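What follows is one structure encoded as structure tokens, with my remarks underneath.
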Amino acid sequence: MNAFDADITEHADSSGCHPLFRDVPATVEFNKLRKRLVRLTRQAIEDFAMVKPGDRWMVCLSGGKDSYGLLALLLDLKWRGLLPVELLAVNLDQGQPNFPKHILPDFLTRYGIEHRIEYQDTYSIVTDKLPETSTYCSLCSRLRRGNLYRIAREEGCSAIVLGHHREDILETFFMNLFHGGRLAAMPPKLLNDEGDLMVFRPLAYAAEDDLEKFANAMQFPIIPCDLCGSQDGLQRNAMKAMLIDIEKRMPGRKDTMIRALTNVRPSHLLDRKLFDFAGLMANGEKGSDDALW
């Protein structure tokens, strides 16, 4: 048992668990999965210094497996006394056709989770401005972001918490590499342009497969992500397929890639803004030529 797992066990509440977890499968497999996800979530929170005791976090809930998992894991940590912040679950209903409006309020109320459901018909704005053949995701996400910032301020929240996981980060990295000509991924911690709100991604280390298994075991009432009829762009789908193929042929590569994003060596890249190549001069001292040849 490592330090994270030991702390999780030690801090378990005497009443057992958050109401969300009272009817979960009593299997070794689920317990291992839950413990792994809790550990990785807590590790990301600690690695990137997300917690300021007494803060109020706005947890964005779309109804997909990732955001449900995020909310459940944060509630689990808070129940154990390992996350000293307030949590507010927020869903932004963007007016997509056939959106089942009752699912999230019913779920959140049933488990006594503080929440806010906000209706803003951004779907009509998107469909009015873009042709039917376009992918709506980019404009839709910009409109959603603006509304989420507004809601966070209205609710006195210090941070917006999103459910992006390991695969989201890697896909974004390769999209930027192949199509943007830059080395960049999704930051686990970000300060917004106005400087008044943080954006956190506590699932940065969590695997999508684990989150899917977790959602199935927890029997979350999943809302499909294709209600608007638009799908993510071809570029992201291609990156997802590439990563699946790499992991299939060389198991464990996704974990290696995530570790690589935490182990950057600017002197071994070509960005003159990150390393002073012009000021690098021989002075008779030994340098490091690892991997240079």
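Placement of Cβ uses the backbone N, Cα and C atoms for every residue, glycine included.
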Range annotated as motif 'PP-loop motif' in Swiss-Prot, from 62-67, 284-289: 62-67
Spatial neighbours of the motif 'PP-loop motif' (62-67) far in sequence, C-beta under 8 Å, 6+ residues away: 91, 103-104, 162-165, 203, 208, 211-212, 214-215, 220-223, 225
